[in-house]
Amino acid sequence: MMWTALLLVGLSILVIVLYGRRTRRRNEPPLDKGMIPWLGHALEFGKDAAKFLTRMKEKHGDIFTVRAAGLYITVLLDSNCYDAVLSDVASLDQTSYAQVLMKRIFNMILPSHNPESEKKRAEMHFQGASLTQLSNSMQNNLRLLMTPSEMGLKTSEWKKDGLFNLCYSLLFKTGYLTVFGAENNDSAALTQIYEEFRRFDKLLPKLARTTINKEEKQIASAAREKLWKWLTPSGLDRKPREQSWLGSYVKQLQDEGIDAEMQRRAMLLQLWVTQGNAGPAAFWVMGYLLTHPEALRAVREEIQGGKHLRLEERQKNTPVFDSVLWETLRLTAAALITRDVTQDKKIRLSNGQEYHLRRGDRLCVFPFISPQMDPQIHQQPEMFQFDRFLNADRTEKKDFFKNGARVKYPSVPWGTEDNLCPGRHFAVHAIKELVFTILTRFDVELCDKNATVPLVDPSRYGFGILQPAGDLEIRYRIRF
């Protein structure tokens with residue numbers, strides 16, 4: 001028995017040593033393996049991806065390969081070639097890693113999972129007439145949730161809250177009622193669902209990276225179990241209509257032979273996908289407005305000028321707010337686009353330089369660093385400038401340049417050309433409606449006049465819209 005154990009240990013060490021001897025071949029990206037065999041840069045990468053990858057970019061340029069926990073990951077930071085590279089679905093697979101994350105985070109397996117067909121199905125329900133219907137339903141649900149009685153407000157009295165909690169809870173509850181078709185708008189029940197979702201959401205990065213401890217795992221598992229129960233058709237107030245987005249998704253799962261247990265787990269996946277980003281984004285928008293008086297005045301003036309417009313018209317005629325939103329997303333949208341390299345592949349950067357990728361490696365694109373935080377594209381990229389996406393005449397600014405050449409993307413909050421988030425228009429409508437409602441129906445101010453927006457939680461890099469490490473304390477009351 002002892003000899004068997006020693007043999008296994010010896011073989012493991014041999015594999016690590018042999019795999020760790022990888023060297024850079026001709027025309028491959030710069031290779032940075034780190035100091036620790038096998039582990040490489042995994043700890044630094046997971047702790048703060050933006051800080052680590054920024055350091056690697058300064059050292060190696062727009063493309064490099066790093067070792068992390070036995071994997072070799074090529075990071076591409078040339079935004080002008082994102083589309084050309086990611087469009088090669090024959091060499092780059094997005095399904096395998098998605099399956100890994102689904103298992104780790106949601107404890108679910110969907111053998112027939114097809115991201116492309118799922119995206120096309122979602123696009124059918126989040127554009128055109130369906131989008132208008134969803135937006136109207138969202139607006140009605142938000143108004144119900146923001147009545148004085150629902151918000152616990154009394155005449156002329158101030159109420160204190162954390163801005164992140166306020167924005168996230170309101171948009172989560174609104175989205176839950178709108179997208180999942182739940183008719184039960186009981187305040188206590190909705191709050192309970194939101195609180196369990198937040199318990200789960202806080203631990204999601206650790207679940208994804210398998211760095212969760214025993215106590216945290218128990219908390220996440222308990223929250224998952226409760227959410228699964230609430231998200232079954234019997235847990236919702238009615239069975240989703242087949243022509244609705246949720247109904248079509250359930251039917252797709254059934255057609256693929258997914259059993260009932262896995263279907264309810266898939267509901268939590270969709271809850272997080274549809275509701276995990278709008279609330280945090282609304283927080284950052286409101287946070288930047290409240291801490292930048294000039295931006296707040298400009299948005300208030302724009303809202304006041306459009307009060308007579310219908311919802312659809314008001315959503316389309318807000319260049320100042322749109323610039324605020326784009327600037328906010330530039331600073332806080334930090335998804336990591338990941339693909340597995342299934343066959344040796346050659347890629348060409350925008351400067352004409354060609355590099356080879358190896359089969360079995362992983363490719364990552366991180367738009368947060370480039371183009372969003374690239375100082376050659378955006379002056380003082382770490383600063384919030386509400387008019388960054390406005391021309392002098394207050395029209396939308398579309399042209400941004402790097403080294404004299406126009407860049408295709410000044411920001412990539414919703415994904416690249418062939419990988420756009422299908423729910424982006426609905427998310428923008430929800431964020432706008434919440435911010436407009438807060439600014440027109442309530443007096444809202446910072447508890448500390450000198451407060452600034454909190455720092456980001458670095459563990460959230462790679463998972464969509466960033467979340468703050470703390471909250472921003474505010475007080476608000478009904479406007480008369």
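Glycine is treated like the rest: Cβ placed from N, Cα and C.
Keep in mind that this is a model prediction, so the values were computed, not measured.
Of the listed candidates (Arg297, Arg300, Arg359, Arg362), Swiss-Prot assigns Arg362 to the same substrate site as Arg104, Leu110, Asn277, Thr338, Arg339. Cys421 (heme binding site) is 22 Å away from Arg104 (substrate binding site) when you measure Cα to Cα. For the binding site of substrate, formed by Arg104, Leu110, Asn277, Thr338, Arg339, Arg362 according to the record, the largest Cα to Cα distance is 25 Å, rounded to a whole number. Remark: Asn277 (substrate binding site) has Ala427, Gly464, Ile465 as non-local neighbours, by Cβ distance under 8 Å and separation of at least 6 in sequence.
For the recorded site, Arg104 (substrate binding site), the DSSP three-state label reads helix. Here the Cβ of Arg104 (substrate binding site) has 16 other Cβ atoms within 10 Å, regardless of which shown protein chain they belong to. Look at Arg362 (substrate binding site): DSSP puts it in a strand. Annotated pair Arg362 (substrate binding site) and Cys421 (heme binding site), C-alpha to C-alpha distance, rounded: 22 Å.
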